[in-house]
Amino acid sequence: MNNSTSLRVRLPVLVLLMEVVFLGLFAGFVTYDDNANAKFQNNETNPMDNSLYRDYPFFADVQVMIFVGFGCLLAFLRLYGFSGMVFNFLTATFTIQWAILMQGYFQFYSDGKIHLGVINLLNAEFACAVVLISFGAVLGKTSPVQLLVMALLEVPIFALTEWAVLKYLKINDAGGSILIHLFACYFGLGVTFVLYRPSLNDGHVKEVTSYQSDILSLMGTLFLWVFWPSFNSALTLKGDDQHRAVLHTFIGLSSSTMTAFALSAVFNKRGKLTMADIQNVTLAGGVTVGASVDMMISPAAAYALGIMGCTACFMGYRYLTPFLARHFRIQDQCGIHNLHGLTGLISCTAGICAILMANEETYGPSMYQIFSHRAPMEGDPKLLELQQLIPGLMPGLGRTAKEQAIYQVAAIFSTIGAAAVGGVLTGFALKLPCLATPSDEFCFDDELFFDVPSDFEFTQLLDDIEIFIMG
Amino acid sequence: MNNSTSLRVRLPVLVLLMEVVFLGLFAGFVTYDDNANAKFQNNETNPMDNSLYRDYPFFADVQVMIFVGFGCLLAFLRLYGFSGMVFNFLTATFTIQWAILMQGYFQFYSDGKIHLGVINLLNAEFACAVVLISFGAVLGKTSPVQLLVMALLEVPIFALTEWAVLKYLKINDAGGSILIHLFACYFGLGVTFVLYRPSLNDGHVKEVTSYQSDILSLMGTLFLWVFWPSFNSALTLKGDDQHRAVLHTFIGLSSSTMTAFALSAVFNKRGKLTMADIQNVTLAGGVTVGASVDMMISPAAAYALGIMGCTACFMGYRYLTPFLARHFRIQDQCGIHNLHGLTGLISCTAGICAILMANEETYGPSMYQIFSHRAPMEGDPKLLELQQLIPGLMPGLGRTAKEQAIYQVAAIFSTIGAAAVGGVLTGFALKLPCLATPSDEFCFDDELFFDVPSDFEFTQLLDDIEIFIMG
Amino acid sequence: MNNSTSLRVRLPVLVLLMEVVFLGLFAGFVTYDDNANAKFQNNETNPMDNSLYRDYPFFADVQVMIFVGFGCLLAFLRLYGFSGMVFNFLTATFTIQWAILMQGYFQFYSDGKIHLGVINLLNAEFACAVVLISFGAVLGKTSPVQLLVMALLEVPIFALTEWAVLKYLKINDAGGSILIHLFACYFGLGVTFVLYRPSLNDGHVKEVTSYQSDILSLMGTLFLWVFWPSFNSALTLKGDDQHRAVLHTFIGLSSSTMTAFALSAVFNKRGKLTMADIQNVTLAGGVTVGASVDMMISPAAAYALGIMGCTACFMGYRYLTPFLARHFRIQDQCGIHNLHGLTGLISCTAGICAILMANEETYGPSMYQIFSHRAPMEGDPKLLELQQLIPGLMPGLGRTAKEQAIYQVAAIFSTIGAAAVGGVLTGFALKLPCLATPSDEFCFDDELFFDVPSDFEFTQLLDDIEIFIMG
């Protein structure tokens, strides 16, 4: 409770400064896209064909995931519920604004303007998911000022990586296994590596849940679970591709959830269920189907991926996380390496297999839509032939399946590299003085950054009271 | 806390075994339906006409109801919140997978394959609602292993009944009053009849709510309330039929809610409101409008149905549930007979009246779409005439209103019969040893199947502490 | 706990009486609109063109806001969580039914019938938002009977004002800044002015939050935040107008949220965050963009409006609310004057500026759709010219921008006037005996109107226990 963690000057200065910058950039560079611009409506425009109606339902679902789902999930600690939900809220809001500008510059920029529609918001929410996943690695050990600085640095690094990978490597990654989950995971691990706190390796007295916080966190899980099909399918092609993305995500989550229950019971010495498993490991399937989510992998493959991802994730929580903390200085608070890293790697592997196995027999001519870089190049007579079957098919790069697979591998390694380096650098930035870093003692404690209601101290004392009453 | 309720072997063996079976069946028999299959897209396919966009919004709403709504609603006990939410999660996930296969076999099977699209998931969520309603009858008295066994048996019995009733009796049941609510209710009562525990008839010391659990449960109610119009309209015909289903459900719920408040106050000796009424009885209207939800019953009739259903449900909770427990060995923990049985019967009666009163004057020619079995048979000149007014009208069975009504009655009785017998048989299966049945003492107690946080015992002690502090 | 606040007779009599009246009115006057009427479907009707699919997604989002969002937000007091959520539920349900009838009479009446579709429900939910906002002014100090009487009077006054303003003044108010937020605010202030309780000016011992109630309330905020774009855009024109409404609302909320964090920290003496700010002030941007939400104001303007609205709202909470309570007898419990009044006024001002600046250069010919009263009058040759560019453009009133602005100003003043007078009169009605008014002592106390679980008293004693244990 000393001055070094007071937010009174630090937070407002940073926030208001950024708001001025954002406002300036919005004023100077952001305009409406064609679907949101009154001027471009004419007698041939059918209002119901507006892109709003294709994008907004998915955007709304992702909104619930980001703000309610993540918020509740991160509020799993007994004395850190305010911080979990509120810092998630602040970080998400900040990140989305910044991502609109950064992704706008890289992806939606033309004629000197960023063109804004709901699709940009949707993309920005994905960037936001990246930052929130990384946040999971340092939950409880960072001030809101540090979180904003992290978002400030992570967003441009992410936007640049995303742009470079999509523009130069041209990969398939509908569910964001590479660009969202792997990037977020290794960035977060990079940050937490630098922010290593030896004293926390033996656990922290406040690192406990309560009955209510466990329930709240589970509600977050359920909201994420329910809307994950929207998340994984939001940026696929419309039609059958999106349809498959919904099916695979649902199936993968389902098999993953059942597996999580089985593993939770079998590894518990007293044969009981552990809430932390149900809150986290159940979701592994959603990540694992990501890279191949829109492909013709068959429902059974989605089912198998859910089981595999869940198993890897569970074992990661059990063995890898403590190992990394003890031997590699990587304290991964929420276990993002299990839920996003390991599962992401499995997902990418599955995606590559699916790419290698894709053929016209299974996909028909629409294979060249899903794997757009495999479409014949401009001028190739095969292109004209295909365009008769699928009007509007864009010319591609004429890649073979193997070539595409090699580019996927390149994307995986370059994304992990960029993320890890970016994370480490960001970690050093977060060690700067004046960022209100909590002392070890006040980690996982809402009281440091919040005016808490009078029953908060009581919550702290619960264990004492129990002893007192029962003793 | 003895070995007989350890989940360490039982749960994983059952779950993993079923996963292997499911995976095998998925691999062998499940493929994409035409809307999800890349191969069937061609130059005449408009992606936005994909069935995904008709089904998915309703599916997403039902997802929230099943996982969040039911989950929170069932977490109303002070010491059974984890179990309520988590067993709901497990049972729902398991049931949906199993129902995809079972309903798939009965309803979506052709060319040796089950054809999978979001519509199958939606149907499976309805099967899931059936199992979760039945679960309400035995909440607190069953282990997760028992619940899975129950789902394992209930799903095929339900799928078979559903298929037989739809194929041979050919009924109108848009909101699922017969096939969902009546089936679920009488199946659950059958199970709980066999699992009768005499010692629980006088109440259980842990059968109490807490301030937080009451609020959590009310949140569940609100999510169910808000999305119930999607539930009741998800499987109707598109267009005006679905429009009416939304209107009727909303109106029925509204009048039911107001009635619940009035009855709660008038029957409370101190003139106060009772949370249990508000959590449960308010929802009665949603069930009561079910059977006639897509018909031209008039908004006023939906309003009246809401009042009637709510009144029956309230009186059921007050008088019938204790009566059934005392005299018929039927311990109906959540009162499903009130919320689904009585209201379902009223709903079916109203549906039959609506069928008897339906005529072309009110419906126009589209009467033969809603009541498709009343459409003239193939070859009837009237069919051709109608097909000019409504292209694509399918030939029917030429049933009269009265005939249709008789088939509805037959469906009601055969569904109740199948459900009750199936429930009783399932109840005996649940009595098998090795299913980790909780002892009477550990009913309604999370500690039996969960690692609980340290403040849980404190929650248990609350009443003692109160006495201690105030004494 | 005396007879004067027993609900046993009062509530049921009022509720059942109103239900009989509503049922009579539904039976006599409410029928389906063309989109919900089977009779009006013919061989040219495409089911997927039904208005249901345009309105229902937005309706469902608003449902979540009204029942879950408002409900949780209003449950922020430690001992008033049941009342906050439950009275919100009751009042909302009652209001919607009454508004369907009242707005139906004024806006959807033809051929002696109110024509009902989902669009009516959507409008009724907006009327419902009005009543719930007003409820915020008197939260904790009113019985459910009083709340129903308030709704009973507020709905017709609102419906009449809405009808008169739309019919005679013909204004632009897509997000409802005038008709929803200003009306609700000044009506609520009128009511609370009359219900002034001097003894509450120094605070009330039960006017405190708890750790759980703060989290619950924040969940409400998040649901409101997430779906606010649907709220603000639900009644705009379809197409680019609705698209802009979504964008502006999202941007305004985002900048408002960041500002709220900055101000919360800077005005807190210990440099911490205050939950009440995050629960309320973050939402200010959603109101502030309301009046110009569908216009071409530019994304940057939406951003600036969010900052301005948030600042005004924050300062209002800090300085104006205590001032109004002390000097003007206006006890505004939830600070609706800050969140809806001040922001509403800023919003209206911005809307007028946007109207004055609107020109064909920015909007193209569709300017005459958004500002429909500026369209040329019937017979004007310019109308024919425009109708070639935009088929189906309706003739307008040929107003200039300035004329339209003057009508907006007139609408603001007449709405505020009608609301304030209506509120004061309603306040007097609420002072009638027999409405179960809580005594000062039992304000903010669930126990007055609810059977509470046994741990409720413990919650009350928390502060004492703390002293006891620590002392």
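Backbone N, Cα and C atoms are what each Cβ position is placed from, and that goes for glycine too.
All annotation found in TrEMBL is predicted automatically rather than curated by experts.
The shown structure was predicted, so the numbers you read here are calculated from the model rather than taken from an experiment.
Under the heading transmembrane segment, TrEMBL lists C:12-32, C:58-80, C:86-106, C:118-139, C:145-166, C:178-196, C:216-235, C:247-267, C:300-320, C:341-358, C:405-430. Per TrEMBL, the feature domain 'Ammonium transporter AmtB-like' maps to C:21-433.
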Message = Mean pLDDT for the domain 'Ammonium transporter AmtB-like' (C:21-433), rounded to an integer?
response = 94
Ask   = Which residues, given as numbers and ranges, are at least 6 beyond the ends of the transmembrane segment (C:12-32) yet have a Cβ under 8 Å from it?
value = 94, 97-98, 100-101, 104-105, 112-117, 145, 148-149, 152
Task = Mind checking which residues of the chain, 6+ beyond the ends of the transmembrane segment (C:145-166), have their Cβ under 8 Å from one of its Cβ atoms?
result = 7, 10-11, 14-15, 18, 87, 90-91, 94-95, 98-99, 102-103, 105-107, 127, 130-131, 134-135, 138, 178-179, 183, 187, 191, 411, 414-415, 418-419, 422-423, 425-426, 429-430, 432, 435-437
Ask   = Between the stretches C:86-106, C:118-139, C:178-196, C:216-235, which wins on the count of C-beta pairs under 8 angstroms to the transmembrane segment (C:58-80)?
value = C:216-235
Key: Cβ contacts under 8 Å made by the transmembrane segment (C:86-106) with residues that lie 6+ beyond its boundaries   = 15, 18, 22, 25-26, 29-30, 66-67, 70-71, 74, 114-116, 120-121, 123-125, 127-128, 131-132, 135, 144, 147-148, 151-152, 154-156, 158-160, 162-163, 450
Inquiry  = Under 8 Å between C-beta atoms and at least six residues away from its ends: which parts of the chain pack against the transmembrane segment (C:216-235)?
reply    = 55, 57-59, 61-62, 64-65, 68-76, 81, 122-123, 126, 129, 174-176, 209, 242, 245-246, 248-250, 253, 257, 275, 278-280, 282-283, 286, 289-290, 293-294
